[in-house]
Each structure stands twice: as structure tokens, then as C-alpha cells.
């Protein structure tokens, strides 16, 4: 046994203060909770560097720099295998962020947050204060570590010299894992006892402890940790081994804390990653001591980031004790009352976040906190004011457009090569159906609104041509262009205006297209895209709620019209079926109701099915993502099987023909088709052009903002000015050919981005997967547009779709658009007592009556918009909508405090990659479908 006085002679106090090192590390490593700003993080308190003779710190080594990576902690407990009558160390639990415990049947339980008893924390603090610490031990084998540790135990009077041999043999016993045991029915916690006195060895004599180490391990089955731990341990992790055992010949519990000089694979140990720390907890059996819980507390302590960093840099016992006290200060204790509900436990989350926030607040002695402002938790190049901000104005004519081109086009070659991935092909198939379903639905409804002057044929061709050009030239090719609800509302309003003023609707659209091109050139020239920053959630939610109401209203309006055209009668005269009946037809109204309701309910069910527990996750997601086309297909089959009842079908021309060839052709003469277009209207068309531009600007720019969120970790950037020029410019040219203008559709674009996001493996059991990369390329959008264009050849199939089925999809889009709209949630709260209100910021931080006042103002704005939409002045709807922006910016700050507006109007939508808790893309975007 080495003389511990030799260790005492080499002790010296390091020149560098560990407090400074620890502060630097804490400041540089981003805290996992992204809701806590970097500038609000606090370092631990100043740590003393006084040495004690019981701390072993070799002077020849510098304090190792802590790793910011993951840590794997394994708890092994001394057990007796009653079947083989042998003692062995059994892996009882492990931690990779979350805790996994080994059940009695030998199967690993689900990952969960560690919950500790209050006693175990107090007892841990007690044994830590009297423990033995070896910091910076240069050993590469378990036998060497055990010898050093036992020598220190004897030197500090933790154990008697005659106990050394017994404990050494115990520490070097065979290790077993879950797959070695099958189940734990015959494995029980063991207690080391002396059967024949203090001098009689507990274990049989072995010729050499080092050479006979783990002599029976090869017979115990496969080596290594449990399969669960191995598969999910992040690379470059560091292992902490915690050993817990009971020994009745010991007089008191003893703790040994060992930090190796370098994390290395210990000889004689089969662990997945190099070992950096080793904790040994041994003691006599006592009624008030549960060594399993004590080991769990120690293992949980080693998984905590700040304590682990402190342990990596500590020079003495006091530094570790200070860090342990800080750990206890941030631990919550539940009193022994009745078990609270899950909802009540949710209130602990903000309390814990506040404790962590205070723990990481910068100390007064630290440098200016603004030094941390440039840190970007998402791996970007800086904050919103950085030079690469696409919305930053240059002050030059077309400066933003030129900067977009210079930023994005150098990646053009990689936009092609990055598409060489099976995930891109899968995304093409998925997005094709996601784009085709609304194109057919809106095309059919557009034909209804415009007497087939524009319909399915024009919309499919417009979507294909504009989509191909945008995929080739756009700055953000992940945007999906398409027709949307707001544009449908405008088309209906403009068609009614032209009808009432005896104007040719399709010619008026051509002049609107001409003015659209001029308007977008002016806006892009003066970098007007920066205005999107002033459009808050307040305006977005009013806009989305209005469109949802219009969708729902139009669905039932169309259904009522069917009941009026084909009323229910008590008796029917015999009828002969014709292609289009002239009078009432049996069951047409009821069957249309069944088709509409069936399509809606089926689509809603399949959407929720994605988050159910049936079938494997991938199959559920496929069924949920293709819910709309599956619903349409099923209801079309139902309609086909019931041949005796007439239903109105979708009107689709054969081939590349316009929907109404008797009224128009493919090229629109700007002076008029059948009569001269008024000169005054040629110039007055600038007003409706401005309104269309507002709609396209709102949808496209907000969609680009959502898709380009830093959380998505896209590296090639976006181009607000270039994309706006392309979308509006192509829409203006399309009007000359009698085709609809399009915008970037929010839900479809977010779905496209999610489909191309490659998620890495989870950092640990139960942890969320992190983004590995996003396939930012042009080929998927290009192929989707080509397939949509080829769908015009599916006329025999499309013409079999009943309009009632499209009404069901229309209703589905209206209802799903309400998801994620805070305004809708607050309207529901008007009818709930305050005690049933959810625990969310806009409820907790804002008084109830003031929250209802804010909701009431939004409802008034919504009512004004609905009145405008229902009058002949409906064409001015976008202009009235844009007035809500100055209302929010200028008037509401006079009524509400800044904190209240942040809670009620803040952008708290989270990026959704894996659908959990019933959330999907609709919950992420407060924009209409």
C-alpha cells in the first residue's frame, strides 16, 4: 500500500483560478432550453481553490477541459445470482440524458426524468462531505483505480486495513448486463458479510487479482451494455460508472469519487465509451439507508451539465461540495400530499425554468453580457442585425434583389446535386398529392364562381408552368406555389364587380396583371419586402380566421343550394335518368350531404390517425399525410358504386382545352373579346391590382419567413425580393393567358420543407431528434410541378369526382385552418370559467378581462371584414385587412402594456418536425390554407 504522504508532497495549488475557467465554459456552451436567452444565463458562484491533504491532484497534469458533449452514466449494483450462487455487479440503470431502469423481467423500462427522494439527496450530501476524492488519477485499468482508492480509504480511516482485500475482490467481480441474465427473478441485492471473523476472506482465494480479473465473464454470455443503451449513446460520449454495494463489515458508508486524468477505456471493463469518472458507494446495511436510491441520486448528479463541468475542472473537495449545494438549491421537493394531477404538475415547469435562469445569471464581476449577444444557438452567423439579413435594406435601387441573386445563385450546382437522395423522391410523391388535392378543389370551386371562365384546367396548367419557372429561378425553391383561399375570395368579388358593371371579367384580369408587374417592380426596386416585419400575429390570425369562416360558410351555402335545386319530396313521379336531370331527382340532396360529411369526417380522422398509437409510426404518418387524397378516392368509389342517384360532377375539359371554350381562348386580347374594354377601367384596374398584390405579398412573404426560421437550420438562405418579383411577375403574365395568379402557400411549403428535413438520431432515450440537414434543392419542386401539369391528362378520373366531395375538402380546410390560431383559443375562453383556463403565458401574465378586451377588438375587426366581404364593396377586403397593421402598431400600444402585447401577439409557434401531442403543420402556421 502506498503511503498517502507521498501524495501530500506533490500537492500544489494551480496558478489558474478554476472560477474563471468554469465561467468561460458555461458562457460558451449553449444551454439546452432554447427558451432561456443566452444573456440571461448565470454561472455558478465563485469557487474556492483551497487544497486539503485528502484531495489527490497530481501537479504534473493540468485540469482537463470539460467536454460539452453527452455523458453516459451507468449504475451497477452488487447482486447475488441465486441460481449460480455467485456475486456479480449487475447494471441496474443507465442515463443518457434520461433515466432507464432494468425491470424484474430483464427488459428496460421507458426513458423518464429522474425523480429522487429527499432523503437520498441529504444522504448524498452527507457522504460527499466525508468522501474520498482522487482528481486527475492516471490509471487505465479498474484494478489500478481500485488499489488507489482503497489505499486512500485506509489513509483517511474510512475503512480498516483488514477490509482492503475483501473490498478489492468485490470491486473486481464479474459484470453482467440485461442480456446476460434474461430476467432478474433469481438476482437479489447482496450483502457482504464475514462468516468466520475479520481475518477470514469472504471470497475464495485467487492467485492473482489482476490476472484472474473477470475470470468468469466469458461464461456469462454476450458482453457489453444493454442493447437499449448501446444503440442510443451519442458518439464521443464520456462514461461515468457508479458502483453501489452493501458490506456489513464496514462501520459507515464510504464514498470514493475518482476523476481520471483522461477519459480512457478501462482495461477489464466492457463499457460503450471511455470512462472519465468512477463513483464507489459502499456501506453497511441499515434500516434508514437505501443504497440503490443513493446510487441513483449520485448518477443523476453526474448527468447534470453544470456539476459535470465543475467536476471536470475541480481542484479540491470544496469546489465539488459548492456545486452539489447549487444542484440542491435548484431541486424541487414535492410534499407528501395527495398525488397531484398531471395538469397541476405542469405548473412546476416554469418554476424550474426560473430556478435555472437564476442559476445562470451573470455575476457582477463578469464582463459585459452583450458579449454573448452574437452567439447563435442555431449555428447561424449572428443575430437579426447581421449583414446577411435578407430583409436589411441596402439603400440602393434593386439592391435587395441583387443581393438575393449574389447570395443564392452560387449554390445552383449544389441545388441539383443535393437532389440525389431517396428522401427527395419520397418528398416528390408526397408533395404531389399535397399540391394536387387543393388544386383540383380550388379549380372546381373557381369554375363555380366564374361560370367556368377559369377552372380546373387553367389552374393545373398555371400551377405547373409557374411552379417549374419558380423551381428553376427562385431563391427559396422549397416554397410551393398554388392557389389559396384569399385569392379565391378576391376572384369571386372581382367577378361580381365585373358582372354588375357589364365588364368582361377575363379581360379585366389581364389589365390587373399588367399593373401587377409594374407594382412589383416598384416595390422590389425600393426594397419594400422589409415591410413584412411589421405584420404581426394580430393581422395574420384575423386574416386566417376570416378565410376559415368563409370556407365553412361557403360549404354549407353550396349544400343548401343543392337542397333547393333537388328538394326532398314525400312522393316522386317516375323519372328517366338523363346526363343532367331537369327536375328533382331521388336522394340527390341527401346523398350529396353524405358525400360531403363523409369526406370531411374521413379526412379529419386520417389527420388525427397520424398521432394515434395504431400501426408503426411510419405507416401512420403515410396514412395521415395522404389523408385528403385517400378521402377523395374512397368517396369517389362510394359514388361510383351507387349508380341510381345523380350527383353533380367536376367539370374538366379533355386535354389542353380551356374550361369554357365558347367564351374564351388561351390568349386574352387586352382591348376586349366581344366588346371594347372601357379605357377608364384600363387605368382603374390599378386599384384591384393593388389589392391582389397585398394578398400575394402577405401570403408569400410570411410563408418565406416561416420556412426560413433559424430552427430549421437552412444554410443556403432565402431571397424575399427575388421570390416576390417572380411570384407576382409570373402571376401578371399568367393573366394575359387567362390563368390564375398564384402565391406561396404556407401549409404546403412547410410540409415540403419538413419532408426534406433529415433528422439525426436522438441524443438519448426519450430525447428529441435534432436536425442533421435539409435537402435544399430545386428538383423536388420541379418534378412536383411537372406531375401537376401532367394531371390534366387525368380527365377521365377527375371528371368522376362529385362536387359534394370537394365541398367536404373545402370544409376540412376551413376547420383545420383554425388549428394553431390563438384568436380561436381565446374566443373559446370567453365561455369558460377562469379556473379552467390553460396554463399559457397569455392567460397567466395578462388579466382575464384585458385578455378578453384584446379578443373583443380582434372580433370587431373580424366582423368589419365580414361586413365588407358581404357587400358590393367586397373588392376592398384586402385594403381593409391591411388597416389592421397600423391599428396594431399605433392604437393598441395605447391600450395595452408592452408585456401584455408580447404575450397576446408574440410569435410562440414552434417548428414541428415530428408530430406529437396532436400537432402538425396546421398548428405551426397562423395563415389560411
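Any Cβ shown, glycine's included, is placed from N, Cα and C.
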From the topology recorded by Swiss-Prot, do residue 447 and residue 620 fall on the same side of the membrane?
-> no
377-399, 400-422, 538-560 - the range that Swiss-Prot marks as transmembrane segment | 538-560
Between 52, 211, 292, 374, which does Swiss-Prot record as phosphothreonine?
-> 374
Which residue among 363, 437 does Swiss-Prot mark as phosphoserine?
-> 363
Neighbourhood of residue 660 (N-linked glycosylation site), C-beta criterion under 8 angstroms, separation at least six = 451, 452, 453, 455
Whole-number mean of pLDDT values that fall within the topological domain 'Extracellular' (447-454) = 88
Contact set, same chain, for the topological domain 'Extracellular' (642-681): CB under 8 Å, 6 or more residues outside the stretch | 440, 444, 447, 451-458, 461, 503-504, 506-511, 514, 562, 577, 581, 585-588, 591-592, 595, 735-738, 792-793, 795, 798-804, 806
Sequence-remote contacts (6 or more beyond its ends) of the topological domain 'Extracellular' (496-504), Cβ cut-off under 8 Å?
-> 672-675, 677-678, 681, 688, 872, 874-875
Given the topological domain 'Extracellular' (447-454), its same-chain partners at Cβ distance under 8 Å and 6+ residues beyond its ends are 488, 491-492, 495, 505-506, 558, 651, 659-660, 663-664, 738-740, 803
